[in-house]
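Read through the structure below, which is laid out as structure tokens, and then see the notes.
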Amino acid sequence: MSTPVLELRGIVKTFGATRALDGASLRVAAGSVHGLVGENGAGKSTLIKVLAGIHRPDAGSLLLDGQPHGHFSPRQVERLGIGFIHQERLLPARFTVGEALFFGHERRFGPLLDRRSQQREAARLLDDYFGLRLPANALIGELSSAEQQMVQIVRALLIKPRVLVFDEPSVALVQREVERLLRIVQRLRDDGLAIVYISHYLQEIEALCDRVTVLRNGRDVAEVSPRNTSLEQITRLMVNREVGELYPKVAVPAGALLLDVRGLGRARAYQGIDLQVRRGEIVGLTGLVGSGAKELLRSLFGLAPPDSGEVRLDGQPLSLRSPREAVAQGVALMPEERRRQGVALDLSVQENTTLAALSRFVRLGLLSPARERHTTLELIERLRIKAHGAHAKVRQLSGGNQQKVALAKWFARCSSLYLLDEPSVGIDVGAKVEIYRLIGELVKEGAGVLILSSDLPELIGLCDRIHVMHRGAIAARFAAGEANSDRLLAVATGAQRAQNEERPFYAYAIAI
């Protein structure tokens, strides 16, 4: 690499007795996308806060174009041409698009704020950069997550940065929005910017990055090229263990039949679904978008009631007319959209944990905060939730800990059937292992688990059986030990037929 535009060299940062960064380094070239990956606690956030001027390092240096710079304030960072796209949308909800774009860089006509000029320029910039036609007087709070992010990117580009840092930019986006984001990043790279891209989604890292720095325990342990390094190798560098160790296999003999689905159908979604889950069993479900797998899981929780067929739970008919009825009969759902549907971000850990089981904490007609707190503290310890007590806001927790809180509320209710929709999406590898451990605890206690996942290695590593849906039907079934990525992908592409089916099935694999 020629002289990098940006270099962080030997950065050390301690907080009390905790050494968050232990000589970490990062080198980023112009016209490249440089990935930064690592488990929670590896030091990614601290390193970026040092770069942003929020934290003063105890040792180490920052160089721009090979020239050393001392510690600087966030405002000075901006003047040096370093911009940031943060995971959390930081633009005030009551600002207009024009106000948000030019906040801190307001346009004036004499002593007066020139709002009209700002609004015209804001609309032009959004259209020029992204073809996004938003009214400049639209409120930020009325925009989608993707639209807010576009505003944030344009705002960062107004300082004419040479370095742009994307911190978990795709967390709140749906797939088509992620694809647009990746195209934008590629365009910025082609324009000559040096991009730092931080993500738990290693598929994005593989597709986008020219180089990747791996952090572990506050140190940069490797800098690799995704073209020459597999995602499994990157994962191994992150966690310092073999990929096979990520999936703790739980030796639990299958128990009595828990969920029995016969001939289930829903118009324009799926038909003729037969599916069984026994107590102590983990069953996998996968399929392309539109295959019917997502709709099937929603139906089993009463969100999209089926039109035909029969579902029994513990031998009794299961009513699927509403989520309320499903929950009352022992069904739990952990949705993919964790931040929107799985937890209430502005409520505390305690309020989230007890939300689905409030009747357990009522005495003499009144809610008992003491009993709520006792149960919450037990679950915080059992699920190893990292939070500053039961009253910490869920918004303040990492993605992995938010996922644990989403699961904790069903632990509190002692549900018998757990429907897990993409349970490890958007969390780092270490947090995934914790979620897998908790899934193992559920089956040890006699629950049944149905996992919908697009991560084939995850399904292969965890499940006793895997069902694959295609065009609204279960097209293939695999027992544990029968499936591997090569075989699944061969069948998925139509190159090979499943031995136990007359037609091919289709699935897609997303590595760890």
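Even glycines carry a Cβ here, placed using N, Cα and C.
If you draw a 10 Å sphere around the CB of Asn40 (ATP binding site), it holds 18 other CB atoms from the protein chains shown. The annotation ATP binding site is assigned in Swiss-Prot to Gly38, Glu39, Asn40, Gly41, Ala42, Gly43, Lys44, Ser45.
The domain 'ABC transporter 1' annotation in Swiss-Prot covers 6-242 and rests on sequence analysis.
Residues or ranges marked as domain 'ABC transporter 2' by Swiss-Prot: 252-496.
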Extra residues within 8 Å (Cβ to Cβ centroid of Gly38, Glu39, Asn40, Gly41, Ala42, Gly43, Lys44, Ser45), ATP: Leu215, Asp428
Surrounding CB atoms that lie within 10 Å of the CB of Glu39 (ATP binding site), all protein chains: 24
Other C-beta atoms that fall within 10 angstroms of the C-beta of Ser45 (ATP binding site): 19
Residue, out of the binding-site residues Gly38, Gly41, Gly43, whose Cβ gathers the largest set of other Cβ atoms within 10 Å: Gly38
